[in-house]
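According to TrEMBL:
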{"type": "DOMAIN", "residues": "77-104", "note": "domain 'C2H2-type'"}
{"type": "DOMAIN", "residues": "105-132", "note": "domain 'C2H2-type'"}
{"type": "DOMAIN", "residues": "133-160", "note": "domain 'C2H2-type'"}
{"type": "DOMAIN", "residues": "161-188", "note": "domain 'C2H2-type'"}
{"type": "DOMAIN", "residues": "189-216", "note": "domain 'C2H2-type'"}
{"type": "DOMAIN", "residues": "217-244", "note": "domain 'C2H2-type'"}
{"type": "DOMAIN", "residues": "245-265", "note": "domain 'C2H2-type'"}
Amino acid sequence: MFGFPTATLLDCHGRYAQNVAFFNVMTEAHHKYDQSEATGSSSWDFQSSFRREKLEQKSPDSKTLQEDSPGVRQRVYACQECGKSFRQKGSLTLHERIHTGQKPFECTHCGKSFRAKGNLVTHQRIHTGEKPYQCKECGKSFSQRGSLAVHERLHTGQKPYECAICQRSFRNQSNLAVHRRVHSGEKPYRCDQCGKAFSQKGSLIVHIRVHTGLKPYACAQCRKSFHTRGNCVLHGKIHTGETPYLCGQCGKSFTQRGSLAVHQRSCSQRLTL
């Protein structure tokens, strides 16, 4: 839109491009600069005049101004609903949709709506199957960058989220949030059929299958079906003969950890007699 005679002016323009009042100041300043260039006069100081005019301007929709660096002030956009502040107007607009419930970006495949266009783009990968983020360690791909970051912690062993009560660590924040319910006793997921409550949404989904009779996991060997994938995996060990759980006292092995635990109680009693 404008040419800038110095790098300093270009930098200033970049910092204040979102400020409407600043735009008006810049228009006037450039007009004066062009006039001085046309007349061959060098007496007008562009930068000092710009600084003086800028400080006299006040934006009508910004609550506060804050120091960003010496001699530079930057707009802060404050939410009228909760007071949270943002450096960019676009960030405020996105935040305000939390209060209004507005979700203007709709998926053409399933009709689900989102507050941000980026969230819609990520969601659409469910339909397209696109997984652009690949683990360099094992080659597994993911639709979201965040999912890849969590996965990579399997390889590094990193567990940055620690429970303040028991110091147990987790790879992601959501698992920590679920774990905290062990201490708080919170069970926010309730069955509409029988009223039973659960700390995890996945546990509620599995429980509902008791009422519906749904058994989505079938054994590849005998086609017997199960409510959960874990139970299907355990059942599969009957066919493979795998017994990975070994009693350290008598050497007997079992397909399930629970079966070993039951055995160990009776085994201990026999050895003490």
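Glycine residues also receive a Cβ, built from the backbone N, Cα and C atoms like all the rest.
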- prompt: Could you count the residues of the domain 'C2H2-type' (105-132) that DSSP puts in helix, in strand and in coil?
  reply: 12 helix, 4 strand, 12 coil
Chain residues outside the domain 'C2H2-type' (161-188) and at least six past its termini with a C-beta under 8 angstroms from it: 150, 153-154, 197-200
- prompt: Per DSSP, what is the residue tally for the domain 'C2H2-type' (161-188) in helix, strand and coil?
  reply: 12 helix, 4 strand, 12 coil
